[in-house]
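J.: I'd like to ask you about the structure that follows.
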Amino acid sequence: MSKARRVYYYHELDPWQQDNHYIRSGYVKETASYKECIKSLTYLHNESVNVYSHLLPSIFSSIAVIVFINWRIEKYENDLGIWERLNFLQFGGAATFCLTSSALFHLFKSHSHKASKFGNQCDYFGIIVMITCSLNSIILFAFYDVPKVRNGFLLLFFLLGTACTKVTFDDKFSTPDYRPFRSFMFILFGLSGTLPIVAGVKMFGWKDAIGRSAANWCCAEGVFYILGACLYALRVPERFFHVEHPEGEEETLLDKMKPGKFDLFGHSHQIFHVMVVVAAYCHWKALVACYHYLHTRTLS
């Protein structure tokens, strides 16, 4: 008896599943079953890397942050209490939530149009939580001794996060007409992270501001985020290795031998996922550096 077919071509999908025509094979068609979605973890399709590239790091990050704040964190005589550990925990928790939301979205997006839409909203909400907690975690250490400035930035980031959440979950803003506005809100939110550095330079001078905010690691984080987002938006590299395939025709031997096909491995969304994980690691390094600078310089 022949084995049931599991993956399909782009042209065989329902319109709601058709997103990136440069990825033309390896799709899981609408399952209408969460059980079948979970079963997709056991075979290879074009979302497999997207699922595991965030699922595994989410598990690791949840364990790593608990180990760090309980057994690995360096103790100082001028310790400021449990809130410092909670600051690490908020970022670790946000990273875990963001990566888990992303992994679950890619795992269950083949269930139905409704499930895919809601999962996509949760995926964006995870990004909002990640951005908010990332910015707040640095602010709490970098501006610890300037409470008015610190609290002002915390309020700003909370309001921007709330606005982006509204845009994400409100059906009015989910239409194509509002796509530029949605993009503008997220870009504005991301760029707001430069404001504390500018304020720090003005208040403390260049060298101290860089040390307080661990700007070198934060810049590296930004580079990975921006590079990943650009590759994803431009659909690189798959757009340069796309093989046009007439609808209804079987794949030929020439197609199979065609080099540079990224349907299963190496396409832009997968690269973006890896970049997000690397950027999160850079932020963790920045947060640890801010913690040490706070105790060895700011409070000394």
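Glycine too: its Cβ is placed from the backbone N, Cα and C atoms.
Taken from TrEMBL, the feature transmembrane segment covers 51-73, 85-104, 124-144, 151-169, 181-201, 213-234, 271-294. The annotation Zn(2+) binding site is assigned in TrEMBL to HIS106, HIS269, HIS273.
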J.: For the transmembrane segment (181-201), which recorded stretch in the set 51-73, 85-104, 124-144, 151-169 gives the largest number of Cβ pairs separated by under 8 Å?
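T.: Stretch with maximum Cβ contacts: 151-169.
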J.: Please work out whether the transmembrane segment (51-73) lies in contact with the transmembrane segment (271-294), by counting C-beta pairs under 8 angstroms that are 6 or more apart in sequence and asking whether there are at least 3.
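T.: Contact between the transmembrane segment (51-73) and the transmembrane segment (271-294): present.
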J.: Could you check if the transmembrane segment (271-294) is in contact with the transmembrane segment (85-104), meaning 3+ Cβ pairs under 8 Å among residue pairs at least 6 apart in sequence?
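T.: Counting Cβ pairs under 8 Å, at least 3, so yes.
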J.: For each of the binding-site residues (HIS106, HIS269, HIS273), count the other CB atoms lying within 10 A of its CB, then report the residue with the highest count.
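T.: Output for this query is HIS106.
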J.: The transmembrane segment (213-234): which same-chain residues, six or more beyond its ends, come within Cβ distance under 8 Å?
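T.: Sequence-distant neighbours of the transmembrane segment (213-234): 138, 142, 190, 193, 196-197, 200, 268-269, 271-276, 278-280, 282-283, 285-287, 289-290, 293.
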J.: Which residues, same chain and not among HIS106, HIS269, HIS273, have a CB within 8 angstroms of the centroid of the CB atoms at the recorded Zn(2+) site?
T.: GLU47, VAL49, ASN50, VAL51, SER53, HIS54, SER102, GLN270, PHE272
